[in-house]
Amino acid sequence: HNHKTMARIAWYQEKIGAYDQQVWEKSLEQAELNGMACKPKRSGHVKPDLIDVDLVRGSTFGKAKPDSPWTALTRKGLVRVLLFPFFFQWWIQVTSRSISTCILVLYFMQVAAAMLYVEVPAAIASEQLGPMCLMLLLGTVHCQIVSTESNRSPSVSPVSSSSTSPARRRRYGSYFLLFAQEESSGGAKDTKVNPREVEHLRTEGSRPASDTDDTMWEDLLQGPDSASTGSSDSEGRYCPVYQHTSFLSSQGQLSWLQACHPSRDRVSAIIWEQGECKKADMSVLEISGIILTRVKVVEQGMGYLALGGLVTATLVLLPFGFRLAQRLDMTRLSSLSLAELAVMAVGPPDAKTYAFLFITTVERLCLTGLFFFMMCVAERTYKQRLVFAKLFNHITSARKAKKSEIPHFRLKNVQNIKMWLSLRSFLKRRGPQRSVDVIVSSIFLLALSIAFILCTQLLKSHHTFLDSETNWELMVWGSSLILFLLRLATLGSETNCKYSNVSVLLTEQINLYLKMEKKPNKKENLNIVNNVLKLATKLMKELDTPFRLLGLTVNPLIYNITRVVILSAVSAVVSDLLGFNIRLWKIKP
């Protein structure tokens, strides 16, 4: 349906465009088409000794990206959480059976809590809505994280496609065996089929189709604004011939990358083995592998994990503490027993009330713990990026490289400068990128939403603001999220400064002048290297951008709208408290 709609739009565009063309323009277009078709062509190749601007920008070492926009992925996540039992097999594929079973139990507990909420008069809305919103948020974030699985080739995907049903995979797998065998027997020299993948597909094809496949729910996930990954109505998308052609195309791209990629270049680097200085020709992949090993052995602090555990315990115990504070008479505190305090915190003995409180407590503990665990993963990733950047800056320093136990080389020739730029881009793209950006964006959006709600509550009734349990929970959430965001912003800014630091290039320029003084006969060659260093410095300043914490799911329009709305609410609160108008949204960030 989407392809037909786009085809009609393209047809109408060409139709109305034809009315604007003069005779000379039509003749020129026809001549250009005929000229390209009849022009003699010869084989060519890309020169691997040159660099592209993508190398300095970092896009040479690309990452997997989803086919669908974030709006479609958000819709998918919401549907797959709301209808969790029907997508249970999909959740097993993208997590594990044990984790999916635990989430399924939490799902049914959430349903039971929603039913008990109506019958428990002492229940508070936040105790029911909080875990529900957390489950929706976590499911949506995870759906966006695993959305790149459909873009991976069969030989590199760690799990099966996240949007293709098992029956469909078996049907087309049996995505692929027929044509692979025909090509092998026909003598196709350029096609190499992984024997393990062939055996895996043969095993998949021999299994009976499951009655619990989620193909019947695919239409729920589709919308007019996205061509869903792995669930299109187009026959060519799942045709074995199309899949085989794509496989051959990916093999051709892999051969091109192996021939032209900057990771093939080598540099003469100094390494230290048991205190002895030795030289070795090393590639970008080999140097980055050593740096990765050093990053992994760096001890990670447990401070923010402990902070997450503390905030989780606070949010779990907050409802009981709030009830106790409301009902407790401080003048009778010394005469109260522990049983009486427990009754004040929990309520009078009632089976439904106790069941509701038990379910919501377990839900809050598990889901809040999962959310802060996810934030700790993002914090750890940012910390590792900073360690990567620090070790990269140590490469051109003999003392720091020896101390860090990593290779060392100077930027004494153009080839070394190229290797240094390649390594810089490669290290910047190592580790989780898009998935962590999704997590950080969700944290940022949640913090903005909480700030907006708190400002609204303050404007509505600032005298009774602290009398609401929901406001206390939102303040705890907002404070903890701000702490994590400040930590991520600090780490990200430091990492960006390390990679954008031009002092290394300036130091190498000084070293070149020292060599010119010692070896005047090589002055011309050293001047060339010096000029390349100057150009590299200018290029880095031109292409490097300031660090952004928003990630990829927040586009500029949403950011500007959110900034104006939040700052307007904050301005209203501050103006009401101070007695004069303040317009914070007009302040440029």
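Numbers here mean position along the shown chain, with the first residue as 1.
Cβ from N, Cα, C; glycine included.
Small disclaimer: the values here were computed from a predicted structure and weren't measured.
Features reported for this protein in TrEMBL:
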type	residues	note
COMPBIAS	189-205	compositional bias 'Basic and acidic residues'
DOMAIN	7-150	domain 'PHTF1/2 N-terminal'
REGION	186-234	region 'Disordered'
TRANSMEM	73-92	transmembrane segment
TRANSMEM	98-118	transmembrane segment
TRANSMEM	304-325	transmembrane segment
TRANSMEM	354-378	transmembrane segment
TRANSMEM	438-459	transmembrane segment
TRANSMEM	471-489	transmembrane segment
Please average pLDDT over the domain 'PHTF1/2 N-terminal' (7-150) for the predicted structure.
83
Range from 98-118, 354-378, 438-459, 471-489 with most C-beta pairs under 8 A to the transmembrane segment (304-325):
354-378
Based on DSSP, tally up the residues of the domain 'PHTF1/2 N-terminal' (7-150) by helix, strand and coil.
106 helix, 0 strand, 38 coil
